[in-house]
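**Student:** Got a structure here, written out as structure tokens. Questions coming.
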Amino acid sequence: MCGKYSVNGSQPCGMNLCCSAYGWCGTDDAHCSTTGDAPCQQGFGKCSTAVAIPTCAKSGSTGGRTIGYYQVSNNRTRLCNRISPHKIDTTGYTHLYAAFAAIDPITFAVVPADTPDESKSADAQVYRDFAALKHKGLETWIAIGGFDFSDAGPTHTTWSDMVSTSANRAAFITSLQQFMARYGFQGIDIDWEYPGTPDRGGKLEDTQNLVHLVKEMRAAWGKQYGISVTLAPDYWYLRFFDPAAMYDSVDWFGFVAYDLHGSWDADVHALGSIVRGQTDIREIKNDTLPFWFDNIDPAKLNLGLAAYGRGYTLSDPSCHSLGCPFDGPNLAAQCTNQAGIASLVEIKNLVNELKLTETLLSGSMMKQISWGDQWIGYDDHDTWAMKKKWADGLCFGGTMVWSVDLDSGSGR
């Protein structure tokens, strides 16, 4: 909570949002109005909905950067359709990110994600092969962290512990530079999911400590290595980032405009077991508002694009669209073998094998397929083009795809 109802009575809203009379941060009149019986609390953020939403008359701004993530673990965990680095179609990409490397929870050294012992690591050779893809016009970076890294377990609080002291940060920065030099990476993507929240191993001090980290990284390296920070898709987690304070130290930010919904919604009282799109542009539009409240230049923002879909097992097979009830995740696909998700390759295979009809949900800028009690909502190159055009209108500086190993196509 914010303002007088926060823990210390002085907590502002992250990213300069409005603090309502009841201590909640938001962007609408209920939070921002200064009139009526429940006015916005002054001094804890903005108290107006009047923000300058960027517009670009010139199209094509997102073409400046096209980043593709690559899941290193697919080489050892996927049942089929494993994509090794030499199989990546690099066409159209300006940057590729290897996801992920990890952080040792004791020494804060950067280590392979599969095992801290590089001599026994299968990922280590993948890093080398991946970094070797670089050429003029294509850079290869390493992404550190990821969602699973902050799950309950030995690395649950590692990010927070690492940034908590200057000595810990220095150990990480030194190790990271050695790691990038050893494997040939040209930059680092900080994928901390997420600072600030106890359920993800964080604490309130993380916000400022992350700012210290990126500033110290830039001071140590100058322009020798690139630096990017991945930002959360919704304000619940985004509020604990301070992109304005990091702005001058990073090359750009990645906005995760996917995974907005999934079968986990069943455990969220305000959402429930209702089919929603994980990449619905109507929600993405609202989720970008904090950037404009915080006066972030969109030229440093990359819009996330999904090369996969999320789906459900429907409660009623005759109700197969957004808003219908679901019983659980869709059945696991053949290669990814994970309920609730399917790669773009698997989706296109389903369409061909089952003779399914792909339906464009133009208002959501996404597609859906359904058969029996199964439903999947997804993006492909058609809806990417729609979202890029939308992002061009807001002057976004680039896009980022999760992930190239889920799509056999190019980055165009």
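From the backbone N, Cα and C atoms, a Cβ is placed for every residue, glycine too.
Whatever TrEMBL says is automated annotation, not expert-curated.
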**Student:** For the disulfide involving CYS32, grab the partner from CYS13, CYS18, CYS56 as TrEMBL records it.
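**Tutor:** When TrEMBL is consulted, CYS32 turns out to be bridged to CYS18.
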**Student:** Reported as an integer number of Å, what is the Cα distance between CYS13 (disulfide bond) and CYS32 (disulfide bond)?
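**Tutor:** So the Cα of CYS32 (disulfide bond) lies 12 Å away from that of CYS13 (disulfide bond).
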**Student:** Name the secondary structure element type, per DSSP in three states, that contains CYS13 (disulfide bond).
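**Tutor:** Going by the DSSP assignment, CYS13 (disulfide bond) belongs to neither helix nor strand, so it counts as coil.
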**Student:** Just to verify: the residue among CYS18, CYS25, CYS32 with the fewest other Cβ atoms within 10 Å, which of the disulfide-bonded residues is it?
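**Tutor:** Comparing Cβ neighbours within 10 Å for the disulfide-bonded residues CYS18, CYS25, CYS32, CYS32 has the fewest.
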**Student:** Quick one: give me the count of other CB atoms within 10 A of the CB of CYS13 (disulfide bond).
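**Tutor:** For CYS13 (disulfide bond), the count of other Cβ atoms within 10 Å is 28.
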**Student:** Sorry to bug you, but what's the C-alpha spacing from CYS25 (disulfide bond) to CYS18 (disulfide bond), rounded to the closest Å?
**Tutor:** 5
**Student:** Can you give me the Cα-Cα distance between CYS25 (disulfide bond) and CYS32 (disulfide bond) in Å, rounded to a whole number?
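**Tutor:** Distance (Cα to Cα, whole Å): 9 Å.
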